[in-house]
Every structure is written in C-alpha cells, then in structure tokens.
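*Asks:* Okay, here's the structure, questions in a sec.
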Amino acid sequence: MELEFLGTGAGQPSKQRNVTSIALRLLDERNEVWLFDVGEATQHQLLKSNTRSRKVTKIFITHMHGDHIFGLPGFLTSRNFQGSELIDGGKPTDVTIYGPAGLQQYVFSVLRAAQVRLQYRINFIQVRPGIIFEDQQFAVSAFPMNHGIEDYAYRVVEKDTVGQLQVEKLLKLGLKSGPLFGKIKAGEIVKLENGLTINGKDFLGPDRPGRIIAIVLDTKDTPEIIKAAEQADVLVHEATYGAENSIMAKRHGHSTSLQAAEHARAAHAHQLILTHISARYLGKMADQLVKQAKNVFRPTYIAHDLEIFDIPAKKSERKDKIDVG
C-alpha cells in the first residue's frame, strides 16, 4: 500500500506544485489504484509516474471546485486511448466515481461536448455521509466537511486479515492436509473422526490488523475531521495556510498546518502528511508549515509532487476495535 501525491498545490498550479490529486496504490493488495481528486493536468503527472491509468478502478472526489475536478474528463479520455486492463476475455475494466451532486452531469457534459466515446463504463455513486463502499477487504466512509460547498473527507479502512493456520499444531493431532483444514482456517467448530471436537479459532495465529488512511482536503475546522481521522495510520490533511494566516484560512474555508497537527493529535493518528499547499509557501516558507505542525504533532511530513509514501503492513494485533463508519 502506497500513497503517491500527483499534485500538492492549492487553487492553481505553480512551477513547484500541480493541483490536487492523490493515488492510493493498492497493487499488492488488489492490483488496483484509487484516485482522490483529479485536478487539472493529473494525466500529465501520471506520465511522470509509474502509476498506470489502466490500474485506476475507483475515483473519489471531495468537492466540485475546479482545482479538484478539472483534470477528470481529460484523465478519463486518456485512459480510454491508453487502453484499460482487460478482464473477462477482453472487456475493459469499468471505473466507479464517487462524489457530490452534480459530478455526473459535469463529466458527461464535457465528454458529450467533446464527442468522447469511452470503451469502458463509468459508474457514478453520489456520496452521502457514511459507508459508501465495502467488500471483504476494504471499507470507505465519507464525512461531511466545512468548505462552503458540499464536501467530503474519506476514510479508507483495510479490514483485519485472519491469522495464519497453525499447521504444526494440527499435524500433532494426527490430521492430514485436506478439505478439513479449510474449515478450521475459517474458524469453524469441527468434529474429528476420533470424536474430538476442536474450535478452528484455536489453531489460528493472531489477526493482522488492517491499515487506516484518512484523506481530509479543503475544509476549515469541524468535529467531523476527528471522526474521519480516528486512529488513522496516515492522515493526509490540507494545509493551505500557515498559522499566521488563520483568519484568512477560516474566511476561505481552509485549514492551517497548525490546525492539521491539532486534528492529528486529537484523532490519535500515527502520521500526518500535509498537502494542498498555497503557492505563497516556497522553499523555507514551506518548511515553516512543517515546523509549526511538528511543535504539536511530531510525525508530520509535507508532500511534494510525485512523492510516494509507503504504508507497510502491520505485524502486531491492534487491541482496540476500529469503526469503519
């Protein structure tokens, strides 16, 4: 699992930072990539990256401001020309797009006006607060933000992986590998031929706890941020302004780097990555954003375009239960 920052700027592109897009690379977990926002020129950024458009299966849009969506029609079109990952004997993979009201109309209007005919299907899911996607491996929840427009943060929860089957313990009971092992690994209660009844859970190692990623972009302070980021392994948080511009940040519906750190600390997050940086913060000025945050929350980093952060799998069992909602 990796986070690649395709664009880390705020409002408009600069020479140092393109506008917002984040790729959650789940190549080892499910051979997929999920995008969070698709700012203008995201497809150009992908050309500089090892992330392939054909791997993108889900796109999560936080809100309908241009610096977060103007790259979406172009990305969908270039994905069409570059070819999709083929499944089921040649059928291109579909893309599911999650976002606020008006997103589907926007995308289809642009594609229709440009006479684009996609070789794959786009499925639109209008976001509401709560769980918006869930399967046996992951759950994604949306939390309403405070930005003067319909806006969401996203919480990605990887579900715990069942512990490994302790084969040696079973062999000591005289059992041989076969279908019975499958039932035991599923945690079922099994009656053996010798009359002994065993609980499959007693023959499993500890579960491997899943990872939690929180994506909190354009917003000013709201209690929903803490809910979205609760015990996140990585909290990605906008930091458009420094603490010295807190009044301006509030006026424009944004956060400061100091506020991002306060949110990370309150949510008991493990790591904070700052993004959505205003073009006014260059060089040492950008370093000041990190310094302000580190005074409150030490494990803070600032993202740069095309930078990749690895999120390693956990080895120890998490003692507390994490709510995916």
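Here the Cβ of each residue, glycine as well, is placed from N, Cα and C on the backbone.
Values in this document were obtained by computation on a predicted structure and should not be read as measured data.
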*Asks:* Let me know which member of Asp202, Asp207, Asp218 Swiss-Prot also records as binding Zn(2+) 1 at the site of His63, His65, His147.
*Replies:* Asp218
*Asks:* Of the candidates His270, His276, which one does Swiss-Prot list alongside Asp67, His68, Asp218 as binding Zn(2+) 2?
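*Replies:* Swiss-Prot names His276 for this Zn(2+) 2 site.
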*Asks:* If one looks at the chain holding His65 (Zn(2+) 1 binding site), which residues at least 6 apart in sequence have a CB under 8 angstroms from its CB?
*Replies:* Ile149, Asp218
*Asks:* Can you name the residues of this chain that are 6 or more positions from Asp67 (active site, proton acceptor) yet have a C-beta less than 8 Å from its C-beta?
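*Replies:* In sequence order, Gly9, Ala10, Gly11, Gln12, Val19, Thr20, Gly39, Glu40 meet the Cβ cut-off.
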*Asks:* Mind checking which of His68, His276 has the fewest other CB atoms within 10 A of its CB? They're the binding-site residues.
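*Replies:* Fewest other Cβ atoms within 10 Å, among the binding-site residues His68, His276, is found for His68.
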*Asks:* Take the C-alpha atoms of His68 (Zn(2+) 2 binding site) and His147 (Zn(2+) 1 binding site) and report the distance between them in angstrom, rounded.
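*Replies:* His68 (Zn(2+) 2 binding site) and His147 (Zn(2+) 1 binding site) have their Cα atoms 13 Å apart.
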